[in-house]
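So that we are looking at the same thing, I have put the structure below in structure tokens.
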Amino acid sequence: MMARRTLKAVLIDLSGTLHIEDTAVPGAQEALARLRQAPVAVKFVTNTTKECKRTLFERLRGLNFDLQQQEIFTSLTAARNLVEQKAVRPLLMVEDSALEDFTGLETSDPNAVVIGLAPDHFNYQTLNKAFQLILDGAPLIAIHKARYYKKKDGLALGPGPFVTGLEYATDTKATVVGKPEKGFFLEALRDLNCSPEEAVMIGDDARDDVGGAQNAGMLGILVKTGKYRPADEGKINPPPHLTCASFPEAVNYILDHLLGSK
């Protein structure tokens with residue numbers, strides 16, 4: 001691993017780290033405001049596929065978070081980029097609220113399958129259509145493969161089990177574009193003019209947020225909010241650089257120990 005350099009960027013997960021549905025993590029807005037005063041770039045990286053970037057931005061602004069829409073990098077964006085690179089016509093297995101981020105793509109007579117979190121579309125008919133397309137040679141593009149995510153009433157199935165089911169049934173492997181893929185983190189850093197060794201990631205998912213970031217060369221800070229479950233930090237190797245109670249505590253650590261100022 002390359003030597004650590006001066007911290008230049010902080011990547012922050014959204015759902016489970018800054019907010020859970022329409023409720024902010026206590027103290028998160030104030031902590032973000034303090035981080036904004038430090039000499040680091042801030043970017044928000046998310047696997048959220050339930051809604052388009054614009055809706056997500058409006059939700060966060062409604063919770064009084066200080067951010068700009070262009071600071072949000074989503075796995076939907078990464079998926080669209082790959083679809084355009086491959087010049088394919090996707091069957092979009094995403095919620096209707098996320099379709100805005102795919103506006104302009106040709107989707108008639110699909111020859112590829114793009115799957116995200118789509119509870120309203122995870123039925124036999126749609127899954128079987130995807131199954132048949134893949135058997136006919138269509139590539140399977142997974143926006144991400146999270147096992148589950150946090151809702152107010154508990155944990156809920158993520159897209160991962162459905163992606164894995166299609167992989168199993170068709171004896172193929174999906175191309176995954178979201179966290180924890182190394183390429184996702186590198187793409188998120190690209191316009192920040194910094195290397196992974198100059199960045200830290202904060203998130204509630206040990207595998208996808210912290211493990212993925214550290215595999216890309218970043219530091220990873222795991223927070224015990226959102227989908228975190230006891231002993232999650234022991235599920236990745238190397239373990240998180242730091243595990244702390246919540247986002248405000250992670251910001252305190254960054255200001256005190258990685259930047260040396262509060």
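Backbone N, Cα and C atoms are what each Cβ position is placed from, and that goes for glycine too.
Keep in mind that this is a model prediction, so the values were computed, not measured.
According to Swiss-Prot, the record shows the following:
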type: BINDING; residues: Asp13, Leu14, Ser15, Thr46, Asn47, Lys179; note: substrate binding site
type: BINDING; residues: Asp13, Ser15, Asp204; note: Mg(2+) binding site
Give the number of CB atoms, excluding that of Asp13 (substrate binding site) itself, located within 10 Å of its CB.
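25, counting other Cβ atoms within 10 Å of Asp13 (substrate binding site).
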With an 8 Å cut-off on Cβ distance to the Asp13, Leu14, Ser15, Thr46, Asn47, Lys179 Cβ center, who else from the chain surrounds the substrate site?
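Going along the sequence, the neighbours come out as Gly16, Thr17, Phe44, Val45, Thr48, Thr74, Ser75, Gly203, Asp205, Asp209.
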How many Å separate the Cα atoms of Asp13 (substrate binding site) and Asp204 (Mg(2+) binding site)?
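If we compare the Cα positions of Asp13 (substrate binding site) and Asp204 (Mg(2+) binding site), the gap is 8 Å.
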Over all shown protein chains, what is the count of other CB atoms within 10 A of the CB belonging to Leu14 (substrate binding site)?
22
I need the CA-to-CA distance for Lys179 (substrate binding site) versus Asp204 (Mg(2+) binding site), whole Å please.
12
Between Asn47 (substrate binding site) and Asp204 (Mg(2+) binding site), what is the CA-CA distance rounded to a whole number of Å?
12
In whole Å, note down how far the CA of Asp204 (Mg(2+) binding site) lies from the CA of Ser15 (substrate binding site).
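Cα-Cα, rounded: 8 Å.
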Provide the three-state secondary structure of Ser15 (substrate binding site) computed with DSSP.
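It is in a strand.
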Would you say which of the binding-site residues Thr46, Asn47 has the most Cβ atoms within 10 Å of its own Cβ?
Asn47
Measuring CB to CB from Asp204 (Mg(2+) binding site), give everything in the same chain under 8 Å that is also at least six residues away in sequence.
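Same-chain residues close to Asp204 (Mg(2+) binding site) (Cβ under 8 Å, separated by 6 or more) are Asp13, Gly16, Thr17, Lys150, Leu222, Val223, Lys224, Thr225, Gly226, Lys227, Tyr228.
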When the number of other CB atoms within 10 A of each residue's CB is tallied over all shown chains, which of the binding-site residues Ser15, Lys179 has the maximum?
Lys179
